[in-house]
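S.K.: Below are the structure tokens for one structure; questions will follow.
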Amino acid sequence: MEETAIGIWGVPLAVFAGAIRVSTPFIFVSLGETITERSGRINLGLEGTLVFGAMTAYAVAVITGSPTLGVLAAMMAGAIFGLIHGWICKFPKVNDIAVGIAMMQFGLGLAFFLGKSFIQPVAPKLPSIPLGGWATSPQIQAVLNINVLFFLGAALALFLFWGFKNTRIGLILRVVGDSTDAARAMGIHPDQVRLLATAAGGALAAIGGAYLSLYYPGSWNEGISSGQGLMAVALVIFARWNPIGCFLAALLFGGAGALGPALQSVGVTKGYYLFYAAPYVLTLIILIATSSPTRSLAGAPGALSLTK
Amino acid sequence: MTIEANDPAMAIATEKSASLRPVLEWIARRVEPIVIGLAAILFGLSLFSLFILAVGKSPATLFQLMYTGGFGSWFSVQNSLSRAAPLLLTALCVALPARLGLVIIGGEGAVVLGGVAAAAMALPLAGTAPVFLSLVLMAIAAMAIGGIWIGLAGFLRHSRGVNETISSLLLSYIAIALMNQFVEGPLRDPASLNKPSTKPLPAEYMLGNIPGMDVHWGLVVGILACIISWVLIEATSYGFAARIAGGNVRAAQIQGLAVGKLIVGFTALAGSFAGLAGMIEVAAVQGSANASLAAGYGYTGILVAFLARHNPLAIIPVAILLGGIDASGGLIQRRMGLPDATVLVLQGTLFIVILVCETFYGRFKVFNPDLWKRSL
């Protein structure tokens with residue numbers, strides 16, 4: 001194997017490469033969830049949206065031959081899922097966390113149902129940008145071969161960070177998220193804002209799914225997501241509803257997820273399966289460390305049911 | 001107390017006798033969830049029919065097959081009952097914490113670890129200890145680990161304010177990784193090649209069938225667990241205290257209730273039921289611990305609990321119904337050429353519609369005794 005050529009240095013290199021490769025879906029789902037949660041609503045159904053987005057993107061890419069069309073179709077599907085979630089949560093006495101769990105099961109079921117016939121065909125992959133031309137080592141070249149969606153996600157994080165602070169739409173989102181009454185007093189319709197914010201969150205989560213099926217691991221199957229959509233919810237809390245924080249936290253998660261395979265590639269096989277748990281353990285530790293029983297979380301939108 | 005004569009419900013109550021009113025109230029409060037629940041199921045089935053029509057199949061054929069596969073013969077009834085057994089226990093894992101206002105969705109993790117713990121406990125015992133003792137110790141081990149697992153989510157909720165929905169789900173993924181580690185590592189039977197598993201239990205150490213039926217004892221265990229939970233919730237001070245704490249934590253604390261102990265106790269009991277489901281899966285169905293333990297019982301249990309509105313007695317019929325739907329999946333796949341995920345789509349649709357229908361509770365005057373005297 002090539003790994004032996006650079007020996008033990010292969011581990012940090014593989015973790016770095018993994019962080020970039022694995023983090024992209026986390027970036028999109030967590031940015032989407034940030035938009036939704038900033039409006040005061042939580043969507044646990046993003047796991048279902050992610051998987052349905054992965055299926056839609058793959059199916060459309062197989063049929064049309066264009067991965068870009070696949071991503072766009074996934075966005076549409078994700079937005080529809082978000083609209084359904086947002087519409088249902090408008091009814092009084094309906095618990096948004098429970099609806100999220102239901103939407104997750106529905107999304108998974110529908111994706112498995114409609115995606116059955118796309119397990120065999122091969123879809124065209126999303127393009128990536130080779131930044132490693134200067135390097136002589138094939139490993140470093142591989143590491144720096146980065147997918148376009150990663151850059152889009154990074155740009156989106158910066159844009160959202162700026163947008164929340166400096167635009168009128170950002171202000172409206174924050175007001176609705178902090179106080180339904182204050183928003184009403186300003187003449188804003190909180191339900192409409194939350195509906196659109198949930199739709200936007202769904203569209204972004206579906207892009208994360210499209211990345212999974214069209215780039216890495218790059219095929220459609222029923223086990224394509226292992227909770228990325230749900231971990232993103234924890235990641236948003238960790239990132240304190242800050243888009244740039246989401247981007248960095250996603251990189252951290254990606255790195256944790258890549259640790260197991262990286263160690264295995266250099267011959268560390270003891271406790272191999274436990275390394276698969278690393279991102280989940282990391283999330284849990286972070287949640288424990290950053291939560292408090294007495295005060296609500298710093299930076300949390302006031303109307304969010306999750307943190308009450 | 002003035003009584004307006006033009007309220008029909010109240011008029012009936014006063015005409016008969018004043019003492020009839022509590023009876024009517026009792027009936028009204030119990031009929032409401034049944035009527036709304038059935039209406040929701042019918043509406044969900046109609047939506048699902050539209051979906052089936054849209055993919056070019058006949059809903060009538062599908063529902064007929066679902067009935068045949070789930071309840072059409074004694075054989076299929078027994079099959080449905082067997083599938084309902086773990087659902088009873090995993091639904092309790094959601095319903096008990098729900099009494100405190102907690103949404104636990106990580107029951108799958110407790111099932112998986114319960115199964116591994118049961119297998120780990122059984123293997124040294126098998127062949128030496130008496131069968132009954134061995135089964136009891138397996139159940140205790142499974143319940144202990146399941147209780148610790150979900151109880152941890154409750155503990156973190158109370159002591160650190162960590163959202164229990166997310167922590168229980170993360171714990172569930174961690175549990176599955178732990179199971180893979182144990183089943184691939186220290187507990188692996190070298191004879192299991194493609195499908196790693198622990199050594200199989202000797203046949204005589206398996207949990208047998210209920211006499212006269214082809215249904216294992218897990219069903220009885222599950223039904224007993226539901227009855228015990230119902231008594232706990234409805235007839236003990238713990239259940240009452242839990243309801244107060246679920247309604248308003250501050251009020252409960254001012255009343256001097258030990259909210260922390262309630263939360264940890266209820267979540268631990270809930271988790272131990274899910275762990276028991278894992279033990280039954282090992283001791284009655286699989287015969288060893290392997291990856292099949294993560295078959296989604298934990299997730300279907302969430303749906304069962306919500307359909308039953310977290311009432312342990314209502315869980316019994318709902319679990320049997322969903323067990324039947326699950327059991328009919330294979331038949332639908334073979335006869336209609338629909339994917340096995342058809343059942344998942346139906347479950348998801350039903351789940352969403354049921355939750356939307358929450359909004360109708362208390363809106364119909366007929367069902368709401370509090371509104372009887374206040375109306376015009």
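For all residues, glycine too, the Cβ spot is worked out from N, Cα and C.
Taken from TrEMBL, the feature transmembrane segment applies to A:6-32, A:69-88, A:97-119, A:139-164, A:193-214, A:246-266, A:272-290.
Looking at the shown structure, what environment does each listed feature sit in?
M.R.: Within the same chain, residues 46, 50, 78, 137, 139-140, 142-143, 146-147, 149-150, 153-154, 156-157, 160, 200-205, 207-209, 211-212, 215-216, 225, 228-229, 231-232, 235-236, 239, 243, 246-247, 249-255, 257-259, 261-263, 265-266 sit at least 6 positions outside the transmembrane segment (A:6-32) and bring their C-beta atoms closer than 8 Å to a C-beta of that stretch.
If one looks beyond the transmembrane segment (A:69-88) by at least 6 residues along the same chain, the residues whose Cβ comes under 8 Å of a Cβ in the stretch are 32, 36, 41, 43, 45, 48-49, 52-54, 56-61, 94, 96, 99-100, 103, 107, 123, 126, 149, 194-207, 209-210, 214.
Below 8 angstroms of C-beta separation, residues 24-29, 31-36, 38-41, 43, 46, 49-58, 61, 67, 70-71, 74-83, 85-87, 89-90, 123-126, 147, 149, 156, 172-173, 176, 183, 220, 224-225, 228-229, 232 of the same chain, each at least six residues beyond the ends of the transmembrane segment (A:193-214), sit close to that stretch.
Long-range neighbours of the transmembrane segment (A:246-266) within the same chain, counting only residues 6 or more positions beyond its ends whose Cβ lies under 8 Å from a Cβ of the stretch, are 1, 3, 7-8, 10-11, 14-24, 26-27, 30-31, 34, 153-154, 157, 231, 235-236, 238-239, 272-276, 278-279, 282-283.
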S.K.: Are there residues at least 6 beyond the ends of the transmembrane segment (A:97-119) whose Cβ is under 8 Å from a Cβ of it, and what are they?
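M.R.: Distant contacts of the transmembrane segment (A:97-119): 42-49, 51-52, 54-55, 58-59, 62, 81, 84-85, 88-89, 220-222, 229-230, 305-306.
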S.K.: Are there residues at least six beyond either end of the transmembrane segment (A:272-290) with Cβ under 8 Å to its Cβ atoms? List them, or say none.
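M.R.: Same-chain contacts beyond the flanks: 227, 231, 234-235, 237-238, 252-253, 256-257, 259-261, 263-264, 297.
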